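Annotated in TrEMBL:
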type	residues	note
DISULFID	4-35	disulfide bond
DISULFID	14-25	disulfide bond
DISULFID	36-49	disulfide bond
REGION	42-64	region 'Disordered'
């Protein structure tokens with residue numbers, strides 16, 4: 001399976017359920033950040049983490 005995919009999908013679901021208000025989904029967003037940081041530290045990568053890398057560079061979060 002794809003690392004951090006579950007967390008990325010949880011963000012999409014949360015955003016849809018909360019009229020795309022990112023502030024209401026901060027917990028699941030943080031879970032994706034944490035998953036991706038651990039994955040990157042271990043030398044792994046995942047398409048689910050590309051949005052995390054963009055966000056750290058000042059971009060917007062892009063979900064599935």
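Using N, Cα and C of the backbone, Cβ positions are placed for all residues, glycine too.
The shown structure was predicted, so the numbers you read here are calculated from the model rather than taken from an experiment.
The Cβ neighbour count for residue 14 (disulfide bond), using a 10 Å radius and every protein chain shown, is 19. Across the structure, residue 36 (disulfide bond) and residue 4 (disulfide bond) are spaced 7 Å apart at their Cα atoms. If you check the disulfide-bonded residues 4, 14, 25, 35 against residue 49 (disulfide bond), the ones with a Cα inside 10 Å of its Cα are 4, 35.
For the disulfide-bonded residues 4, 25, 35, 49, the largest tally of other C-beta atoms within 10 A is found at 4. Reported as a whole number, the C-alpha separation between residue 4 (disulfide bond) and residue 14 (disulfide bond) equals 16 Å. Within 10 Å of the C-beta of residue 36 (disulfide bond) there are 25 other C-beta atoms, taking all protein chains into account. It is 17 Å from the Cα atom of residue 35 (disulfide bond) to that of residue 14 (disulfide bond).
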